[in-house]
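One structure below.
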Amino acid sequence: MHRELKEFSHPHGSTGIYEDNLQVDVLIVGAGFSGIYMLHELRKQGLKTVVYEAGSDLGGTWRFNCYPGARVDSQVPLYQFSIPETYKDWTWSTNYPDYKELRAYFDHVDKVLDIKKDVAFGSVVVDAQFDTSQSRWVVKTQDGRTAYAKYFIAAAGVSSKRYIPEWEGIENFKGPIHHTSFWPEHEVDVRGKRAAIIGTGASGVQVTQAWGPQAGHLKVFLRSPNYSIPMRRKELTADEQNQLKPIYPQLFDLREKTFTGALVDFSERSALEDSEAEREAFYEQRYQTGGFDFSTANYKDTMLNPVANRYLYDFWAKKTRARLNDERVKDLLAPVEPPYFFGGKRSSLETDFYEQFNRDTVELVDAKSNPIVGFTENGIKMQDGTVHEVDVVCLATGFDTTTGSMINLGVRSIHGTTLQEDWSQAAETYLGLTVSGYPNLFHLYGTHAPTLFSQAVTTIEVQGRWIVDAIKQMERQAIRSINPSREAAHAWKLQIRAFQNASFFPTVHSTYMGGSIPGKPFELVSYPAGMPMYARQIRDALPTFPGFEVVKADGEKVENLAPGGLEATTNFFERLFGMPPSSAKEDLAKQDH
């Protein structure tokens, strides 16, 4: 059973991009969507750019997540690059591709953009620090190599730090046991066997759908119900996609103008304005459409008004309970009384998840009232002493989401502190792109960006263009480094907290609030005000870099420390929440100092 990325350290060479003491303009960590996009765009600027990738091929999460049933929950063509060369001769077989088709897509991207020539595979970054005397990042890998770069880009996403609870005796389990994100390439055979799935997040739902029809007996261990929504997957033809390609540029432009970076947006109506019959009809239409339209294209007050939220939950629970046969299972998977607000945790998309529990061979284990405490050689031990004997275990236990991915790189500040130390009480970034004390470090699809509230590729391209433009300005203005001030970072954080505290998110432990990692700060880790507002705010920081300490090539320091763009949220906040963010900021500032 793999636990850490460093176990995959196995560089594919010792010369060229694999050489020790590598000198580059830009070093990127991660060769998924983020890293590939940044590499392509920065090479166009004439910058010597190299990517360090822990895995053995392109694709990021889709190289590691090859568990049974693994499939993206964003629809194409939105879940792909807007780069014309990449979509001109590419078509998909379905609106929700599986990991195999996504791997084929990345192979196609490499073919047309020649990506792999600048990607060093099997290269696991374990230490990085900015040398102020050279104005260069010094980056070290697990196998002992060092690289030097003016710009360092963390493109490791939100799920590169896996989470496996420290259950007693887990190392003694005799059968196959794998985390979904460290799944082996070979098939894990469960036919005729006793199998267990621990966790019912996105990957747990998908493995349940795959193993339910195959396993001799399947036990699914549940702590909290997942408000899963029908995916409504359908087959796509090449002809229908090719007919749409002339308007792809407009679609890619539109996705940056919606709240979640998809092609739909919230209804401007309140759930309380419609009659019961009108609400039911509206919910039914959203439900039949499938996908995240059910939550992200719903009434505007669903996540703000408890009554509106309960209306949506009741509709979902009624639909879901009707698909289940057993009353106990109904009460665990879709309780009459909601255990948390709808949308408080990220819903998953499913095809026949609930129907699996109508099989005689599939059993739902309540791991909340009777938690897992450890493993024996042959099974899973519960708090009351019960042992569930199984042959195969799938750990769908998730990630140290968002913040864990950057901390996992071992980055250290110019003050000598580690990012883990700096973020031990609360994460702070500026613009969801930079961190105070870490000059010339950029991160994307990570902490304090729209990340978990958005379509991934939309966020990546919006942030990626900003990073490219920031670097272009630095080169044009002969700037050696930029470092966001603590004041600017704190102002950005207070803005996010103001949104957090006016919403339902702090009412439950969730991925949005940092996950369930022991000792991790309980805080909103993504920017919640939507894609258009985010894009406008970060653009306000160019080309003059408000909120940054700027060091020129001659050593002159220019302190433009007043944060830019934060007041852009005022009108939006008042329209959405009925109160200005300033009062929330003042209250929070009193708490923080």
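Cβ from N, Cα, C; glycine included.
Annotated features, as they stand in Swiss-Prot:
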BINDING   Thr61, Trp62, Arg63, Phe64, Asp73, Ser74, Tyr79  FAD binding site
BINDING   Arg71, Val72, Asp73, Thr200, Gly201, Ala202, Ser203, Gly204, Val205, Gln206, Arg223, Ser224  NADP(+) binding site
SITE      Arg346  site 'Transition state stabilizer'
Distance check against Gly201 (NADP(+) binding site) for the recorded positions Trp62, Arg63, Phe64, Ser74, Arg346, keeping those with Cα within 10 Å: Arg346
Whole-number Å value for how far Val205 (NADP(+) binding site) lies from Thr61 (FAD binding site) (Cα to Cα): 17
Other C-beta atoms that fall within 10 angstroms of the C-beta of Arg346 (site 'Transition state stabilizer'): 18
Structural state of Arg71 (NADP(+) binding site), classified by DSSP into three states: strand
Which of Arg63, Arg71, Arg223, all binding-site residues, has a Cβ with the fewest other Cβ atoms inside 10 Å: Arg223
Residues satisfying Cβ distance under 8 Å from Val205 (NADP(+) binding site), sequence separation of at least 6: Asn226, Ser228, Ser348, Leu349, Glu350, Phe353
Protein Cβ atoms within 10 Å of Tyr79 (FAD binding site), excluding its own: 21
Cβ contacts of Ser74 (FAD binding site) (under 8 Å, same chain, 6 or more positions away): Tyr96, Ala262, Gln455, Ala456, Val457
Rounded to the nearest Å - Cα separation of Tyr79 (FAD binding site) and Ser203 (NADP(+) binding site): 18
